[in-house]
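**Student:** Here it is, the structure in full.
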Amino acid sequence: MLPLVALVGRPNVGKSTLFNALTLTRDALVHDQPGVTRDRHYGVCRIDGQPLFAVVDTGGMVGKEDGLAGATARQARLAAAEADVVLFVVNVREGVSALDDDILAWLRKLSQPTLLVINKIDGVSDATVHSEFAHYGFSDVVPVSAAHRQGLDDLIEQVLAWLPERGIGEALDEDSERIHIAFVGRPNVGKSTLVNRLLGEERMIVSDVPGTTRDSITVDLERDECRYRLVDTAGLRRKSKVEEAVEKFSAFKTLQVIEQCQVAVLLLDAGEGVTDQDATVLAAILDAGKALVVAMNKWDGLGTYQREQAEDLLSRKLGFVNWAEVVRLSAKHGSGLRELFRAIHRAHVSALRQFSTSEVNKALEIAYQTAPPPSIRGHVSKLRYVHPAGSNPPTFIVHGTRLKVLPDTYKRYLENFFRKRFKLVGTPVRFLFREGDNPYEGRKNVLSERQIQRRRRLMRHVKRK
């Protein structure tokens, strides 16, 4: 495994900025509002593409043991306990605080190798930087400015000196065989509860407060000899409901996760049915063209009549994505999880399937003969040939003439025909239509000089007669 380095400290000392600087990403949310980071957030520090160590960002510790603050502190303690080296991050501009003293006392009891990282040194004199925290007695002190990437090389060098020798781990590797799954949905439908159930630990903070998860958290899982990468995302609300700037950033990162995943699991609250917020999330998945599994959570809490109502509402509101499998489950009690993974696998296989040009042309020929395109204002579209253009989602390019008048109903017919013929489940199917180009369009027949002379001779001969 890759060795693990944990970033701990009080709120707003720059831990997430340092995380982004070390991992060369923007995976952790950064904002001047304290308390933005709540869960553990993992990344990898690399040099020239080679992974050196894993980094875990934690929420700011405020000394409270109740509510979300307490849950955030527990996540930070778990991260520090599993780390090989702890980076205790402080803010030189604000100086020493009582909260820093409390965190240091806890770290000394933990007995983990710890480096003091003095952040935000830009514009501060060297004398102030070295004297402000001198009484802490650290032998290893690294001044940095995470925002300006100042001092990072020294920090990485000191971290490597403390780390044990290990190989590349699978917790945060770039294994291409892993199925990347994004759990998405509106706030408080049970995404974090479901991921915790799958992992068998309290990896995500779970609360009845909507919007508890603000960042997208990535963890790896092995189940039934298969590898997965799970991403728990912040709940997407309608834009009019997204008020805090931080929540807007979270929503944006959720959209990024949808773009990067292979299979999106849309989690619905079975007791509340399909809401406008659910439709917003679904629209983002469809726009990205991702494989889709619909999961009805909290199914065990419904009676027979309520289940019938939920099924009816689902078929009416989500009938246009009837190609997506629907799984009924309970994240809290763990029922339906095997069916969920089976649906994910079927969607993943369908989304990444490769097609030959001959088989898709045969399918187009049968579809065309079974139901030719209708005549639109006296014009009939002609479909000449098709070829595959990509996967995830399966994409096909159809060439022909008068394709601009091809109605949307016929395009949907082709999608459904291909989906049924090739047994594609859980994935959208895209068709692109290209008009056949006339190779002589815009070209003028220009005679050569020899042809012009010959034409003149012929014309003179005709005139004599």
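Cβ coordinates come from backbone N, Cα and C, glycine included.
As annotated by Swiss-Prot, GTP 1 binding site applies to 9-16, 57-61, 119-122, with the evidence given as sequence analysis. Here Swiss-Prot flags 185-192, 232-236, 297-300 as GTP 2 binding site. What Swiss-Prot records for 3-167 is domain 'EngA-type G 1'. Feature annotation from Swiss-Prot assigns domain 'EngA-type G 2' to 179-352. As annotated by Swiss-Prot, domain 'KH-like' applies to 353-437.
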**Student:** Just the number: how many Å between the Cα atoms of Trp299 (GTP 2 binding site) and Met61 (GTP 1 binding site)?
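**Tutor:** About 36 Å separate the Cα atoms of these two residues.
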**Student:** Express the distance between the Cα positions of Asn12 (GTP 1 binding site) and Lys191 (GTP 2 binding site) as a whole number of Å.
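**Tutor:** Given the Cα positions, Asn12 (GTP 1 binding site) is 27 Å from Lys191 (GTP 2 binding site).
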**Student:** Run through the domain 'KH-like' (353-437) and tell me, per DSSP, how many residues are helix, strand and coil.
**Tutor:** 31 helix, 26 strand, 28 coil
**Student:** If you average per-residue pLDDT over the domain 'KH-like' (353-437), what number do you get?
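**Tutor:** Across the domain 'KH-like' (353-437), the average pLDDT comes out at 92.
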**Student:** Could you check which of the binding-site residues (Gly185, Asn188, Lys191, Thr233) sits closest to Ile121 (GTP 1 binding site), going Cα to Cα?
**Tutor:** Thr233
**Student:** Sort Asn12 (GTP 1 binding site) into helix, strand or coil using the DSSP assignment.
**Tutor:** coil
**Student:** Since the record lists Asn12, Thr58, Thr233 as binding-site residues, which of them has the fewest other Cβ atoms within 10 Å of its Cβ?
**Tutor:** Asn12
**Student:** Consider the binding-site residues Asn188, Lys191, Thr233 and say which one has the Cα lying nearest the Cα of Lys15 (GTP 1 binding site).
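**Tutor:** That would be Thr233, nearest by Cα distance.
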**Student:** Could you give the Cα-Cα distance between Gly9 (GTP 1 binding site) and Thr233 (GTP 2 binding site), in whole Å?
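**Tutor:** With the alpha carbons as reference points, the distance is 24 Å.
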**Student:** If you count Cβ atoms within 10 Å of the Cβ of Gly185 (GTP 2 binding site), leaving out that atom itself, what do you get?
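**Tutor:** Cβ-Cβ neighbours of Gly185 (GTP 2 binding site) within 10 Å number 26.
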**Student:** Should Asn188 (GTP 2 binding site) be counted as helix, strand, or coil on the basis of DSSP?
**Tutor:** coil
**Student:** Just the number: how many Å between the Cα atoms of Met61 (GTP 1 binding site) and Thr233 (GTP 2 binding site)?
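**Tutor:** Counting only the Cα atoms, the answer is 22 Å.
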**Student:** Please report the Cα separation of Thr233 (GTP 2 binding site) and Thr58 (GTP 1 binding site) in Å, rounded to an integer.
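**Tutor:** So the alpha carbons of Thr233 (GTP 2 binding site) and Thr58 (GTP 1 binding site) sit roughly 16 Å from each other.
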**Student:** Roughly how many Å separate the Cα of Lys191 (GTP 2 binding site) from that of Thr58 (GTP 1 binding site), to the nearest whole number?
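**Tutor:** For Lys191 (GTP 2 binding site) versus Thr58 (GTP 1 binding site), the Cα atoms are 20 Å apart.
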**Student:** Based on DSSP, name the secondary structure state of Trp299 (GTP 2 binding site): helix, strand or coil.
**Tutor:** helix
